[in-house]
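One structure is given below, encoded as structure tokens.
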Amino acid sequence: MAKPLTDGERRKQISVRGLAGLGDVAEVRKSFNRHLHFTLVKDRNVATRRDYYLALAHTVRDHLVGRWIRTQQRYYERDPKRIYYLSLEFYMGRTLQNTMVNLGLQNACDEAIYQLGLDLEELEEIEEDAGLGNGGLGRLAACFLDSMATLGLAAYGYGIRYEFGIFNQKIVNGWQVEEADDWLRYGNPWEKARPEYMLPVHFYGRVEHSPEGVRWLDTQVVLAMPYDTPVPGYKNDTVNTMRLWSAKAPNDFKLHDFNVGGYIEAVLDRNLAENISRVLYPNDNFFEGKELRLKQEYFVVAATLQDIIRRFKSSKFGCRDPVRTSFETFPDKVAIQLNDTHPALAIPELMRILVDVEKVDWGKAWEITKKTCAYTNHTVLPEALERWPVSMFEKLLPRHLDIIYAINQRHLDHVAALFPGDVDRLRRMSVIEEGDCKRINMAHLCVIGSHAVNGVARIHSEIVRQSVFKDFYELEPEKFQNKTNGITPRRWLLLCNPGLAETIVERIGEDFLTDLSQLKKLLPLVGDEALIRDVAQVKQENKVKFSAFLEKQYGVKVNPSSMFDVHVKRIHEYKRQLLNCLHVVTLYNRIKKDPTQAFVPRTVMIGGKAAPGYHMAKKIIKLVTSIGDIVNHDPIVGDRLKVIFLENYRVSLAEKVIPAADLSQQISTAGTEASGTGNMKFMLNGALTIGTMDGANVEMAEEAGAENLFIFGLRVEDVEALDRKGYNAHEYYNHLPELQQAVDQINSGFFSPREPDCFKDVVNMLLNHDRFKVFADYEAYVACQAQVDQLYRNPKEWTKKVIRNIACSGKFSSDRTITEYARDIWGAEPPALQTPPPSLPRD
């Protein structure tokens with residue numbers, strides 16, 4: 001049993017966490033009790049902490065369902081345009097606290113749970129993260145769902161219910177080891193299975209042409225079982241749906257291949273079909289080309305399009321003709337957003353349904369498809385672009401291959417007519433890439449089949465137009481747009497940093513939570529002594545709390561008055577965790593050289609997962625942990641420098657570390673990070689940014705003033721110029737003694753005395769084939785870090801910059817991003833009228 005709390009400690013739990021909301025404490029207690037006994041069939045003598053969490057989850061869920069049902073009824077009655085957000089990743093994190101925040105139930109639940117002798121925060125920690133994403137792309141989808149619900153859009157997230165999400169990361173002897181993420185082991189109280197909407201998905205087979213049309217025959221069928229998760233808007237009684245598909249084998253699966261006695265084998269082989277939704281592919285910004293992954297991509301698209309068309313056909317105003325559905329109005333009623341190229345098969349699949357099944361003629365079907373679909377590009381790295389072998393399509397999706405060939409032929413005919421004789425342009429713009437292995441370029445398919453293509457930050461959209469899709473931009477410039485990414489301020493401020501949220505509410509009220517641009521009202525208060533004191537105090541409390549967490553979780557003691565220098569994101573060469581490592585080694589060498597000098601104490605925290613097959617990324621983790629082993633145990637260094645690798649970085653850990661950070665590292669090579677969203681979370685939570693002019697950093701500097709960030713390094717133009725000249729890492733190595741010393745130490749085994757050769761391949765890469773030019777930015781980076789130290793010595797000036805950054809972060813709300821998508825791409829207006837709460841009559 002936990003030791004009894006003092007009265008003072010108890011009262012701390014009754015603080016205004018977030019804002020006053022609805023909910024009656026007695027009712028919450030009653031509901032909790034009922035669920036513990038009737039849903040979980042436990043009494044207090046045998047109930048575990050997890051039972052208490054589940055009882056609370058069911059209690060909170062009860063407050064959702066009335067609003068959920070009411071929202072769907074309202075959509076049926078009003079028949080607004082539906083938005084379908086298709087993504088292979090939704091990185092949702094935990095649901096309990098977010099639901100309490102959005103329904104305004106947090107205070108009632110906190111008090112009720114306290115009265116029952118339990119601790120709300122302890123119960124929240126029991127929930128598993130829904131880790132159905134790798135990083136930024138999946139988390140963006142989750143933020144977008146929150147914003148679409150908060151804006152009252154009739155939106156649906158569609159994806160896959162992976163049985164195993166992103167792996168859990170363990171660090172063993174400094175190396176990453178992956179463990180399966182069995183997140184559904186104890187059940188998921190937030191989802192509702194919908195077997196009545198199960199749908200068939202076809203694979204393999206052959207194509208038959210006849211006078212009646214084209215048929216796809218002799219296919220293998222897998223069933224798609226939908227699981228619905230509610231997505232509540234912020235205090236607006238709207239609850240949208242995220243529908244995730246799970247693969248099920250049909251009951252007759254393989255039983256028609258019945259050889260004598262083959263029954264058991266056939267039943268065991270059901271696993272093969274059900275493997276489609278077994279596991280999330282753990283690659284971020286890297287294309288692997290596995291058949292199972294292509295199956296996943298078609299699986300989600302085929303099930304979702306059937307569902308969309310079913311809903312369109314049964315909608316009040318969707319189809320006027322009683323005999324046969326008219327698809328004329330389809331693009332007026334349906335918008336499909338493709339989150340990267342992963343759901344690109346929506347384009348040929350919609351064509352297949354319209355042409356083969358609904359008998360719409362090709363030209364009309366193509367017009368409908370283009371008007372319906374829009375594509376978001378998320379990366380410029382060539383190794384990330386999806387290029388599937390034609391041979392794989394031929395086997396797995398023969399009809400779709402035919403359709404893609406036909407789409408490509410018409411497209412190339414159009415280009416040839418506009419640019420006669422320009423054969424190279426045809427080659428560059430084709431969906432089919434010729435060569436030893438013919439491939440399908442999914443990005444080209446998306447651009448051709450969509451009415452809008454957007455990048456995710458201004459600089460990225462410019463690169464998309466001028467480089468990645470240059471030829472396509474020349475063909476249809478009006479198609480290309482920018483939609484700078486954003487984050488939901490509900491999860492990324494109110495939920496994770498209630499102290500800061502409360503400090504802001506005291507100054508400007510709470511409207512900023514649904515209109516983040518109102519943070520501008522803090523600008524006149526940048527010099528306000530009381531605000532400076534409060535903001536600094538909240539940050540210090542967050543640091544103390546995170547320090548306690550680190551000690552409990554990892555057994556590491558850190559100095560909470562040191563600068564918390566945080567670099568958390570997927571481990572990838574382009575994100576340049578190696579540049580951070582070189583700075584840490586340089587700081588270490590400076591302390592060792594002159595231990596008496598005044599030194600700003602730093603705790604450097606690096607966290608993130610490496611793709612299991614990405615050797616260099618795994619080496620980078622080993623390097624960070626090895627540097628930590630030496631630095632953290634050096635008595636001369638003492639408390640002045642600590643290096644910590646944050647194991648198993650995920651949404652729930654981000655919610656703890658981001659509010660505690662002083663410095664946010666956003667140091668990708670200019671022109672490689674499409675946008676980034678971690679940068680925005682740190683800005684909103686009162687950290688200052690050290691970064692390159694890349695992704696959304698550019699717009700952050702524009703909003704807050706470049707002098708309020710620590711900007712360093714090559715710009716995109718400089719990187720291009722250096723590429724033309726030829727990047728020579730040896731020049732920097734030979735001319736910068738501190739860089740040379742650091743590199744030599746890493747190379748010689750100074751940080752890996754038991755394996756002196758451990759990092760030779762890393763150094764070899766840095767010196768001889770570093771695509772991301774780490775050494776070229778080293779000098780500017782180290783100088784910029786010295787400016788960081790300089791400002792940190794003056795806490796008041798530091799905090800003024802923090803307040804200015806917070807005040808200027810309003811642009812980076814996903815509410816603003818989604819409002820722009822709705823206006824410029826989807827042609828959907830957020831409704832003027834709110835959904836009435838379940839307690840009121842429907843209209």
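Placed from the backbone N, Cα and C atoms, the Cβ positions cover glycine too.
For reference, Swiss-Prot has these:
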type	residues	note
BINDING	ASP43, TYR197, ARG310	AMP binding site
BINDING	LYS569	pyridoxal 5'-phosphate binding site
MOD_RES	ALA2	N-acetylalanine
MOD_RES	SER15	phosphoserine
MOD_RES	TYR197	phosphotyrosine
MOD_RES	TYR473	phosphotyrosine
MOD_RES	LYS681	N6-(pyridoxal phosphate)lysine
SITE	TYR76	site 'Participates in a stacking interaction with the adenine ring of AMP'
SITE	CYS109	site 'Involved in the association of subunits'
SITE	CYS143	site 'Involved in the association of subunits'
SITE	TYR156	site 'May be involved in allosteric control'
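Taking the C-alpha positions, the distance from ASP43 (AMP binding site) to CYS109 (site 'Involved in the association of subunits') comes to 20 Å. According to its DSSP assignment, LYS569 (pyridoxal 5'-phosphate binding site) is coil. Remark: of the recorded positions ARG310, LYS569, LYS681, the most isolated position is ARG310 (fewest other Cβ atoms within 10 Å of its Cβ). TYR473 (phosphotyrosine) sits 29 Å from CYS143 (site 'Involved in the association of subunits'), taking the Cα positions as reference. The two recorded residues CYS109 (site 'Involved in the association of subunits') and LYS569 (pyridoxal 5'-phosphate binding site) have their Cα atoms spaced 33 Å from each other. Taken residue by residue with DSSP, TYR473 (phosphotyrosine) is part of a helix.
The Cβ neighbour count for TYR473 (phosphotyrosine), using a 10 Å radius and every protein chain shown, is 18.
Neighbour counts were taken at the CB atom with a 10 A radius for the recorded positions TYR76, TYR156, TYR197; the maximum falls on TYR156. Taking CA atoms as the reference points, LYS569 (pyridoxal 5'-phosphate binding site) and LYS681 (N6-(pyridoxal phosphate)lysine) are 12 Å apart. Residue annotation for AMP gives ASP43, TYR197, ARG310. The furthest Cα pair among them is separated by 44 Å. Considering only the recorded positions CYS143, TYR156, TYR197, LYS681, the residue whose Cα is spatially closest to the Cα of TYR76 (site 'Participates in a stacking interaction with the adenine ring of AMP') is TYR156. A straight line from the CA of TYR156 (site 'May be involved in allosteric control') to the CA of CYS143 (site 'Involved in the association of subunits') spans 13 Å. Spatially, by CA atoms, the recorded positions CYS143, TYR197, ARG310 include one closest to LYS681 (N6-(pyridoxal phosphate)lysine), and that is CYS143. Secondary structure at ASP43 (AMP binding site), taken from DSSP and collapsed to helix, strand or coil, is coil.
Look at ARG310 (AMP binding site): DSSP puts it in a helix.
Note: the CA-CA distance between ARG310 (AMP binding site) and CYS143 (site 'Involved in the association of subunits') rounds to 27 Å. A Cα-Cα distance of 26 Å separates CYS143 (site 'Involved in the association of subunits') from TYR197 (AMP binding site).
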